[in-house]
Amino acid sequence: MSVLVGLFRLFLVVLALVGTREIWLHGDVEGLVYFTNQTGFLVAISFAWAGIASLLRTTQPPAWFKGVVTLAAAITGLVALLVLEPESPDAPAVFLGLTDGQIEHQVLPLAVFADFVLLDAHRRFRGLTALQWLLYPVAYFVFALVRGALSPGSEYPYAFVDLDALGWAGLGANLLVYGAAFFVLGLVLVGIDRVLPPRPLIGGYPDGSTPSGRDAPTEAGEVAGTTTQGTAVDGSRPAPDQR
């Protein structure tokens, strides 16, 4: 099963590279301004690591890194669905009958979320983690504003960070609204992580260990049937010679 998991993850790398090909293949550096493309590269990096690790049965990417990528992909999909203008119906198919918009705004976000739910180890996050994940979206907002200020005449990448059109009051309101929404989304991901069993639902290692046991030390006892203090899950204690 680990081979199939690894191949699935590497396929997502291919999709991410197809979605960002104008940047790395044709040198369109301006495309890096967009959160969608930055997320595409994060997906390519994290899933190349995760895919190879699955094939070789070695340590998976750190939980915090995979979590940031999952949140960024979810933000990309939801903002495209709820905020951005729909893709033109005349957009050409570029890979497997899919358009760029479908790959970057629909397929990748859904696939990354499915990987998080089904293939990752769980119970590795806390509520504070969602706040830490906000560092990337906040850094992106700052980047977009600084670029706009230092590049007169350049368009802001998204209307909701367009200082010229919104003014400081409108921009501040958007930062609060989007920041709160992204934090809630992060809490949802943390909540999902906490209610799922520690081991991956699909593709767990044959020996029963998680792909990165060091990321979930407090859950290791639960997998083995005991807590980290040596108490069985049902509340009983093992005999002294069994410890």
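One-based numbering along the chain as shown.
For all residues, glycine too, the Cβ spot is worked out from N, Cα and C.
All TrEMBL annotations are machine predictions without curation.
What you are looking at is a predicted structure, and each value in this text was computed from that prediction instead of being measured.
Copied over from TrEMBL, here are the features:
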- 203-243: region 'Disordered' (REGION)
- 32-56: transmembrane segment (TRANSMEM)
- 63-83: transmembrane segment (TRANSMEM)
- 133-150: transmembrane segment (TRANSMEM)
- 170-192: transmembrane segment (TRANSMEM)
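Sequence-remote contacts of a segment are chain residues at least 6 beyond its ends whose Cβ falls under 8 Å from one of its Cβ atoms, and for the transmembrane segment (32-56) they are 2-3, 5-10, 12-13, 16-17, 19-20, 23, 65-66, 68-69, 72-73, 75-76, 79-80, 104-105, 108, 112, 115, 137, 140, 144, 147, 157-158, 203, 211. Beyond the transmembrane segment (170-192), the same-chain residues lying 6 or more positions past its ends with a Cβ under 8 Å from any Cβ of the stretch are 67, 70-71, 74-75, 78, 116-117, 125-127, 129-131, 133-134, 137-138, 141, 145, 160-163.
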